[in-house]
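Notes for the one structure printed next.
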Amino acid sequence: MAQRKNPKSHSRKEGRTTPVESKNGKRTEGGGGDAGGGPKFSMFTWFVVLALLGVWSSVAVVYFDIVDYDSVIGLKEAARPNLGDSPEDRTVLKTKETGEPEPEQQDVKPTETPTEETTSVSGSQDVESEIQAAVPLPPLEDSFVPDEPGDSKHPSEDETMAIDTTGVLVEEPPAEQSDVESEKYLTSSKLTQEAEPEPEPEPEPQTEKPKEAETDPEAEAAEKQSEEKLREKAKKKKPKLLNKFDKTIKAEIDAAEKLRKKGKVDEALKAFEALVQLYPESPRARYGKAQAEDDLAEKMRSNDMLHRAINSYREAAELPDATADLLRAALKRRAERQQFLGRMRGSLVTLERLVQIFPEDISLKNDLGVAHLLLGDNKSAKKVYEEVLAVAPSNGFAKVHYGFILKSENKIAESIPYLKEGLESGEPGTDDGRFYFHLGDALQRVGDNSAYHWYELGHKHGHFASVWQRSLYNVDGLKAQPWWTPKDTGYTDLVKMLERNWKTIRDEALAVMDQSTGRFVPEEENLREKGEWGQYTLWQQGRKVGNSCQGAPKTCSLLERFPEATGCKRGQIKFSVMHPGTHVWPHTGPTNCRLRMHLGLVIPKQGCRIRCTDQTREWEEGKVLIFDDSFEHEVWQEADSFRLIFIVDVWHPELTQYQRQTLSPI
């Protein structure tokens, strides 16, 4: 090392300017001083000195192990296979080859982002299919789908292109180091594996593989079938909601839609309103405004806001350049929301327009048929479904509804194949408890015991509480048993009052029957196979029926102090007279929220009986029978004179006061 000092000592002795060492390590003589001054020693001397200096430097490097050449070569060779793979790889290579110091490696955790962000940018930034998720029939995918192939971006692109509208600079994340370091946790690239080689695992002893690992042909077939379904689903044409103009403002539309999908409906509505103000000719902006109003109506539980949404859907559909998909989605959603508000005729008009615009769309015709049914216009609905079945004879949705209409016309045998084949199709809209209910009922009426097979299926699909208990408007968790005692109900005071005063109640009923005007109304629910069955109703849905109590004032007065009966919005209080030769089909009531009391008033000695599930009982004069009419029950009147009873429905005893006040009437 002493050799390095010689040149410096000689230069000082010569009185020359001290050589300046530049940034790149080269030495230069000072430029100042006499013009004629030059080096004292010859060029040959300096050449010898420099040669000796180089030799001694090499010896020092090797002797003191200043640089590990093997490690440098190894690093270079390890990095070479990744050359050009990515900008990050090139940066790593350049750092190592230039000899610049590398930053110390740190543990890098994956960047934590909110769940909503993670969901919204999975694979694509577009929002069109999310919009369609709000428009049922048929349901579309929940994931974002770009309108154009080029719209798909990597999730990090949104972050690096962030814009701060406040004028403050947006700080970009330190890209290269975090990206490369986090690659250890996310990939198994050659760079990662070779930089940190893992020890080779010791060979494990050979063991015989279990037979479970063998492929199951049935499972393999099922897997292939599911894969085919996924492919078919992917092939389906996604809805196009953007016209040419909307594509030019797509970024602004997407930003507003993203707010809506995050649940920030107030901000989303303001954003869409601003877009409509700026671009009144944009169907997509107006459709987004309608959806935001729709969402806000749900949030606020506001009918006024829902009216606004309904009008906005119409405005979006009426713009001249609206795409066919947007037109269909807007009008379809409009019809649904009109139905929700009870504007059935308005919904019907909207659906009729849709069918005119898209005459080949079977699903819209099916919806039109439902709209007619909701208005009670079975005749028009029947015509619609006949048209559908003429062009699509296997359409399951049309079949179940057509079968339902036939059964309502008392064409029992004709209705069965339509109801059965419609349910067997498994098409959307067919798995409904009402269709299982009516198919089973039709089969029972023709004496076909396979009815209970369909009731069992309805139960398995969650439509019925059990095969016997088939009511459709239920509160979960209520005690369910076909027959009850007064003590079970807790309404012992009511039962005692009825039994004490049964003759007074009977006399008023007979007086009403004897009136020449005839106040007993024939049963109109199509429950009779044969015979005559009349009813005189005092309370219906928790309210007195007109001036009916004028015919039975004492009876009404007795009941006034029992709100469990007079306030039962899901029941009735009525006299029921049944004449000889009457048979009431097996049937169930509509709800499990009530129990039914029968007080015997005039009961023939033989021939009158009632079955509930598999237990049959008979009435007694002055005595109360209590049963849950949500269970299947059947009545026979085979006596030689009329049977007269008093029916009192009461709330199920396990319902809370709040439930009794808030449940809808039936």
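Yeah, the Cβs are placed from backbone N, Cα and C, and that goes for glycine too.
Nobody curates TrEMBL annotations by hand; they come from automatic prediction.
Worth saying up front: this structure is predicted, and the values here are computed from it rather than measured.
Under the heading region 'Disordered', TrEMBL lists 1-36 (among others).
Look at TrEMBL and you will find 1-13 tagged as compositional bias 'Basic residues'.
TrEMBL lists 37-74 with the feature domain 'Aspartyl beta-hydroxylase/Triadin'.
The feature transmembrane segment is assigned by TrEMBL to 44-64.
Residues or ranges marked as region 'Disordered' in TrEMBL: 79-237 (among others).
Per TrEMBL, the feature compositional bias 'Basic and acidic residues' maps to 87-99 (among others).
The compositional bias 'Acidic residues' annotation in TrEMBL covers 195-205.
The compositional bias 'Basic and acidic residues' feature in TrEMBL is assigned to 221-231 (among others).
The feature repeat 'TPR' is assigned by TrEMBL to 249-282 (among others). Across the range of the repeat 'TPR' (249-282), the DSSP-based residue counts are 26 helix, 0 strand, 8 coil.
If you look up TrEMBL, you'll see 362-395 (among others) marked as repeat 'TPR'. Residues of the same chain lying 6 or more positions beyond the ends of the repeat 'TPR' (362-395) and with a Cβ under 8 Å from any Cβ of it are 137-138, 328, 332, 335, 339, 344-345, 347-348, 351-352, 354-355, 401-402, 405, 408-409, 425, 427, 429.
According to TrEMBL, the domain 'Aspartyl/asparaginy/proline hydroxylase' annotation covers 499-653.
In the repeat 'TPR' (362-395), helix, strand and coil residues by DSSP number 27 helix, 0 strand, 7 coil.
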